[in-house]
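Take a look at the structure below.
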Amino acid sequence: MPKDSSLQSILLIGSGRSSSAKAAEFDYSGTQACIAFKEEGYRVILVNNNPATIMTDDVHADAVYFEPLTVEAVEAIIAKETPDGLLATFGGQTGLNLAFQLHEAGVLKKYGVRLLGTPIEAIKRPRGGPRTFRALMHELGEPVPESEIVTSVEEAVAFAEQIGFPIIIRPAYTLGGTGGGIAENMEQFLALVEKGLNESPIHQCLIERSVAGFKEIEYEVMRDQSNTCITVCNMENVDPVGIHTGDSIVVAPSQTLTDEEYQMLRSSAVKIISALGIIGGCNIQFALDPNSKQYYLIEVNPRVSRSSALASKATGYPIAALPAKLAVGYTLAELVNPVTKTTYASFEPALDYVVVKFPRLPFDKFPHADRKLGTQMKATGEVMAIDRNMERAFQKAVQSLEGKNNGLLLPELSVKTNDELKQLLVDKDDRRFFAILELLRRGVAVEAIHKWTKIDRFFLCSFERLVALEKQAAAATLDTIEEQTFRFLKEKGCSDAFLAETWGVTELDVRNKRKELGIVPSYKMVDTCAAEFHSETDYYYSTYFGEDERKQPSGKEKVLIIGAGPIRIGQGIEFDYSSVHSVFALQKEGYETVMINNNPETVSTDFAVADRLYFEPLTLESVLDVIEAEQIKHVIVQFGGQTAINLVKGLEEAGVPLLGVTYDMIDQLEDRDRFYQLLEELDIPHVPGLVANNAEELAAKAAEIGYPVLLRPSYVIGGCGMFIVHSEAQLAALIEQGELTYPILIDAYLDGKEAEADIVTDGTDIVLPVIIEHVEKAGVHSGDSYAWLPAQTLTGEEKAKIIDYAGRIAKKLGFKGIMNIQYVIADGNVYVLEVNPRASRTVPIVSKTTGVPLAQIATKLLLGKSLVDIVDEKARGLAVMPYAVLKYPVFSTHKLPGVDPMVGPEMKSTGEGISIAATKEEAAYKAFYPYLQKKANANEVYVIGNIDAELEAEMTAKQLTIVADVPFSDWVKRDTALAVIDLGKEEGEANKRMTALSRQLLVFTERETLKLFLQALDVDHLDVQPIHGWLEKKKQAEQAVIA
């Protein structure tokens, strides 16, 4: 059928701010949906308050609203834009929840807006109405675990007594299993039910008989309005049911199912999507008894999901773009597969390789957090690897995680006893994969490990072969290794770095020997059809099996962009934004773009973005292999975060030409002695600081500087390993804990304002469009700070110094491209804290709110252009912004028991949000609005320690009740509880802060953040405005200044 001509405009709901369980996958799918709608001539209206996304670029939508994802805000947008249709399935659970709320509030009916794709009943049944959903499944003959929906602890207990333990608790309308878990006894059950009811936006939980230990199988299914259904991909979780699929190792296609089991579950998936009437994509999860053919349906996600992005990248099938086309009337048989350009979308993908996904968990940041995995997702991101055999796919996935180990050995586990390792498996610890390998090294039988983990023996035997590879490598040396053995080790995924470590030589030695023997990878194509048809895509993975399948290059000059790898705390979706914009700029300049990355969630790994895409680990070996295979002469590292920067030294030593930066330049900025020397040469003030190489030096030099001091390592991102130390005793305790790495930098801690700026430079001139001022004082990581664009309280003199110092640094270094500089303003001086010779996490928000495309300008400068050629001189100064932009952090620490929500120098946030308004107060209101709306009847704040009279008076004036004399354990359960205030940051009160967070209360440990919140309480309305409206006001203001 042709597209629906009754639609002229479509409102797309984004997924909002990134968090654990909600990362870049929704940016990828949402971007594809916007492009698909624009291709069909529809006017696209987008609401999404995540500034780091590609989808919120004005080229992808006709009107972009950075507004809260609430009924009130979206209704205002609908009234203003009058869309004909609304699509929520690309906004994750956030989008579905909001669509349901708009329907229930009568907003869609009032304005005549049609819900596209997933019908409202399909949204309600799997999540909001388990009774009706279960009835439908029984009608279809589809087995579901015995379950009951409850709205109170009492109802839950009554059902638990009927079915017995273990029991799974699933809160309704949440994402990533938030608030849920498996209870083995009544004590655990009561805690999880109470938490789950609190997390659910409709105060409901599904209480379900546990099928933990069964195989977990997923199907990505697609359906059109003619009821044509296909399965795009089926995936098997290595971990059995009981660990959230987002935290599990996943392989595609499934490896342990018989054909009968595969077809049985496929038929079930098709039957379910048809019965629900879903138009578009759907993720369906099953639990399969490993000892019989009994299965249960455990979850239906009637939307694009994290698994959808994985399935899309695993198969090459455009799983996001096609559902958008289906939603407006097309059928699968009418849509051509853009990969082959000859087959149709109704043709099911086929794989002639294996894909392995590993989760990226945050415990390197939070080693003291509860590392046990369950039904609530904790991962911040993931990596994907492709190869022709299971062992190499596993090894490539581990290499992509960027851990400190070159192979599969975790040193921290090698000192544990067998019983301790077994306990890690029983507890479902995040290190269980490495614990299994350690037990196998010690000769523990596969059968015993299977008994403890319920992981299929097929996978355990594959792990056993990985251990055998280690022994085989250790039995040789670089001089004695036979070609056949060497080739076998490479075929099975042993990295050059691992072999170098094993043989006591350098990685370059191994590489040279390997090339001398002609052992080099070939590159195979991801084509959706297992080479059955000709493919038009340049989407590749490396393997040591078979012939090279790469197409002939275009003849254009090539540039390689190194991506940022998996999303993690400190390095998120913002870096993908910069990478993609660099690709766009290069293509406009006539270059052939080559992207290397390993993150299946991102836009940068969409095969339609760069001219050639390589899905590979971001290791020196893999990057050099691609450079040599493609004969690349230009490499960009500035947009790949610390991942790419850490490769600079090795690439330079290998003779690779890097654009805009050298290792010496980076070292000059990271080595504190050299950095301070640079600043002194330029007459730029810096914070007093010293370097310590051991514990004795650290204690002496900290005393020399005087407390408080800030400790930080070099070459890190996200403030990893940073501490503020207030006393000699606190330092002694840190040294005793053994958590410090040397050499370590010791800076005097200045209690002042913090600011930062992103600049682009050609080595002579700079463009610095806006100064960002942090709300909190220095000492809170920039990624965890609320921040104003433009700066709100800096004087003209302070701004002039910030710009002047940036210009001096850029010119002295001869730096080209983009950099981020951080400052502290204290005692009447402007100090330079640090310079990052790369794109920062603030590039997207600066680019979008000023209209200055920093990443694209920087790319052109890297190619040799000057600012004079690109940016008009009048546009090089600070932007005139007649509006207030507030960047605010998003934390997922409530999903990580044991993590204190107190902010400090080490970054903890997993994402960011944006609010734009005419005044600071309204911008603050928009930032806190979803919380204030949820806690509309709450007015009590619990104070730990003391607060000053000024704050007390202000809170009283805002009609907040201050509580300090009620037992905390009683108060925190009240419906009137709003926030906990602990400005003294009492060390002994961490449990109260964590408990408050688990109850979804605000926790304030910084006076400035609390003041911002109080400002927000003065506002009671929302004014919605698209970004182009704000930029038009900016243009008018700048013209008025010129006039």
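Using N, Cα and C of the backbone, Cβ positions are placed for all residues, glycine too.
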Query: Among GLN730, GLN822, GLN856, which is the one Swiss-Prot gives for the ATP 2 site where ARG712, ALA748, LEU750, GLU754, GLY779, VAL780, HIS781, SER782, GLU834 also bind?
result: GLN822
Field: binding-site residues near ASN836 (Mg(2+) 4 binding site) (Cα-Cα within 10 Å), from ARG170, VAL211, GLY242, GLN285, GLU299, GLN822
entry: GLN822
- request: Would you mind sorting out which of GLN285, GLN822, GLU834 (the binding-site residues) have a C-alpha within 10 A of the one on GLU299 (ATP 1 binding site)?
  value: GLN285
Message: Can you tell me the CA-to-CA distance separating HIS244 (ATP 1 binding site) and GLN285 (Mn(2+) 1 binding site), as a whole number of Å?
response: 11
Message: Give me the DSSP three-state residue breakdown of the region 'Allosteric domain' (933-1043), ordered helix, strand, coil.
response: 53 helix, 15 strand, 43 coil
Query: What are the DSSP helix, strand and coil residue counts for the region 'Oligomerization domain' (403-550)?
result: 76 helix, 11 strand, 61 coil
Message: Just to be sure I understand the packing, how many Cβ atoms besides its own are within 10 Å of the Cβ of GLN285 (Mn(2+) 1 binding site)?
response: 21
Field: For HIS244 (ATP 1 binding site): DSSP state (helix, strand, coil)
entry: coil
Statement: DSSP, reduced to three states, assigns GLU299 (ATP 1 binding site) to strand
- request: Whole-number Å only: compute the distance from the Cα of GLU834 (Mn(2+) 3 binding site) to the Cα of ARG170 (ATP 1 binding site).
  value: 45
Rounded Cα-Cα span from ARG170 (ATP 1 binding site) to GLN822 (Mn(2+) 3 binding site), Å: 43
